[in-house]
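S.K.: Supplied in structure tokens, the structure appears directly below.
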């Protein structure tokens with residue numbers, strides 16, 4: 001992993017940085033994380049999240065557009081463990097998580113809208129490696145995502 005540069009410094013130095021609206025909460029045990037984005041677009045079903053977190057993360061960040069659903073959780077403790085075991089830096093979800101006490105203990109950055117006790121559906125549907133837009137930013141596969149105590153932002157893959 002490269003040296004961490006705080007989001008405040010990046011937003012000052014990189015005017016092209018897309019700064020996300022402060023709508024997501026921090027649920028993971030790691031507050032600061034960064035990496036290349038892997039994107040998913042799903043709707044209240046999380047098998048693609050599971051499948052992705054079971055692959056080598058190689059220091060990347062999984063960005064999940066769950067459509068902003070507040071009806072169920074797209075990530076819980078078991079999937080969070082897969083993320084840690086497979087080297088993911090973090091997960092950003094435009095949707096909900098559950099098992100928040102477990103997630104807080106993991107060495108994984110996790111941002112989501114809220115906590116919800118209901119599990120997601122198990123249909124294998126959705127899209128991977130597509131541009132996703134939420135919180136006022138568009139994230140493309142390979143874009144650099146940086147998150148810390150002050151928020152999160154997106155730099156294009158070509159940015160330093």
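Cβ coordinates are placed from backbone N, Cα and C, and glycine is handled just like the others.
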S.K.: Of 60, 98, which one shares the substrate site with 76, 77, 78, 79 in Swiss-Prot?
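M.R.: Only hit among 60, 98 in Swiss-Prot's substrate site, alongside 76, 77, 78, 79: 98.
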S.K.: What's the CA-CA gap between residue 78 (substrate binding site) and residue 99 (divalent metal cation binding site) in angstrom, rounded?
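M.R.: Approximately 9 Å lies between the Cα of residue 78 (substrate binding site) and that of residue 99 (divalent metal cation binding site).
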S.K.: If I restrict to non-local contacts, at least six residues apart, and a C-beta distance under 8 angstroms, what lies near residue 76 (substrate binding site) in its own chain?
M.R.: 97, 98, 99, 102, 103, 119
S.K.: Around residue 77 (substrate binding site), how many other CB atoms lie within 10 A of its CB?
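M.R.: So the Cβ neighbour count for residue 77 (substrate binding site) comes to 16.
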S.K.: Least buried of the binding-site residues 78, 79, 98, 99, going by other Cβ atoms within 10 Å?
M.R.: 78
S.K.: If you pair up every Cα among 76, 77, 78, 79, 98, the residues annotated as binding substrate, what's the maximum separation in angstrom, rounded to an integer?
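M.R.: With 76, 77, 78, 79, 98 as the binding residues for substrate, the largest Cα distance is 10 Å.
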